[in-house]
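S.K.: Taken from TrEMBL, the feature repeat 'WD' covers 10-43, 52-86, 94-127, 136-177, 178-219, 220-261, 262-303.
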Amino acid sequence: MDDPFLERHFRGHKDAVTCADFNPNQNQLATGSVDRTLMIWNLAPKARAFRFVGHQDTVTGLQFSPSGRLLASSSKDRTVRLWTLSLKGESSVLKGHTAAVRSVSFSHDGYSLVTASDDKSVIVWSVPRRCYVYSLSQHTNWVRCARFSPDGRLIASCGDDCSVRLWDTSTKCCINTFTNCGGSVTFVDFNASGTCIASSGDDSCLKIWDLRTNKLIQHYQVHNGGSNSLSFHPSNNYLISGSSDRTVKILDLLEGRLIYTLHGHKGAVITVAFSRLGDHFASGGTDCQVLLWKTNFDRKRYRDVLLQHSWRSTPDPLPHLSDIHPGTPHAHLHRSHPTGIQINPVVTNTLSYDPEVVEVSRYHHDNKVRRPARRNLHNYSKTQNRHCLCSTCCFFLCQLYEVPQIVT
């Protein structure tokens, strides 16, 4: 296994980066920010980035649909938007929450969307009909995050009531509550096989529960500040976490230990995310930067397995950590702060990528929605007039910003 390294870093947001997700079918990374915008970064060298404008407050969460054709976003403006990835900048607005919306998550088939909110509720929406379906309302404080399981049968949610709740989507009932949390729970997610959930909290702890036994099986305290986000590697065997201590931690779940501490951000790390194949991961934070890391984790062992299952809507379960090493004492692993390998990349102009930015807003000055001709983002080509994309785009704000290209 090789060490991870910083491959590139992107600059374009004007405030803290709050969320990130990789497109499953395109070489793209999406990020959201306190600056109220979403950025679509094309990972191909010297490609343009796209800025989507529409939210009226901080973008708190985002996720690509399984098909990669839609992008859902949540915001403190109490709305959820479903963006069509074209130069039209078209989005459908979902309204139903009465306070800030904190997260969005698609079901495995892309037909449902679940959101979490400061109004203490979790709402499930129909994506094809763009409408409210039902809500889950047993949390007693702000709900920070909600996620569908890989098969869509469960929803995990967490919040400031210091609990993680598990919901059955068929009965719409809470079937389990994990309350042994030391503070507000900031993030929760399922592993790829749906057998475990992990949570991060402002008590700096990372916890993993086995859903087959409903028991806490691993407990890590590796950060010196609150943990804001986490992401499972698709192999199920690694976990990354971003923290207010300005670091990204990488855990080996098979060995139950911290293996890497990554430095590079100049402020709190708010979001981390693995790509669908696990070959890259991204981090973003209060320094307004997006860092793209090369993973180098266990590449030969799992890549063929991941590619074999990537086309299936409900993949067969990948090896589970306790199945691979049955002799490992998983009853309750508490890992204090081990050293691990410290990686301190120097963020230089060689790694810096300030692409040309296409700004896309779906509103004209009179706030009426216009419908110019559709053009897909990945098919976009350069025009002669760099101040306007094309004559059909004059109904909405759309500019090219000339900035230095990547230095090689």
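Using the three backbone atoms N, Cα and C, a Cβ is placed for every residue, glycine included.
Tell me about the surroundings of these features in the structure.
M.R.: Same-chain residues lying 6+ beyond the ends of the repeat 'WD' (10-43) with a Cβ under 8 Å from its Cβ atoms: 49-53, 55-64, 66-68, 71, 73, 75, 83, 85, 267, 270-276, 280, 282-292, 352-355, 357, 377-378.
Proximity of distant same-chain residues to the repeat 'WD' (52-86), defined by a Cβ-Cβ separation under 8 Å and at least 6 residues beyond the stretch ends, is recorded for 18-26, 30-34, 36-40, 92-95, 97-106, 108-110, 113, 115, 117, 125, 127, 130, 145, 313, 359-363, 374-377, 397.
Taking H, G and I as helix, E and B as strand and the rest as coil, DSSP gives the repeat 'WD' (94-127) the counts 0 helix, 19 strand, 15 coil.
Helix, strand and coil content of the repeat 'WD' (136-177), in residues and according to DSSP, is 0 helix, 23 strand, 19 coil.
Counted with DSSP, the repeat 'WD' (220-261) comes out as 0 helix, 24 strand, 18 coil.
Residue counts for the repeat 'WD' (262-303) under DSSP, split into helix (H, G, I), strand (E, B) and coil, are 5 helix, 19 strand, 18 coil.
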S.K.: Helix, strand, coil residue numbers for the repeat 'WD' (52-86) per DSSP?
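M.R.: Final tally across the stretch: 0 helix, 21 strand, 14 coil.
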S.K.: Which sequence positions outside the repeat 'WD' (262-303), separated from its termini by at least 6 residues, show Cβ-Cβ distances below 8 Å to it?
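M.R.: Here the qualifying positions are 1-22, 24, 29, 31, 33, 39, 41, 43, 225, 228-235, 237-238, 240-250, 310, 342-345, 347.
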S.K.: Express the predicted model's confidence over the repeat 'WD' (178-219) as a mean pLDDT, rounded to an integer.
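M.R.: When the pLDDT values over the repeat 'WD' (178-219) are averaged, the result is 93.
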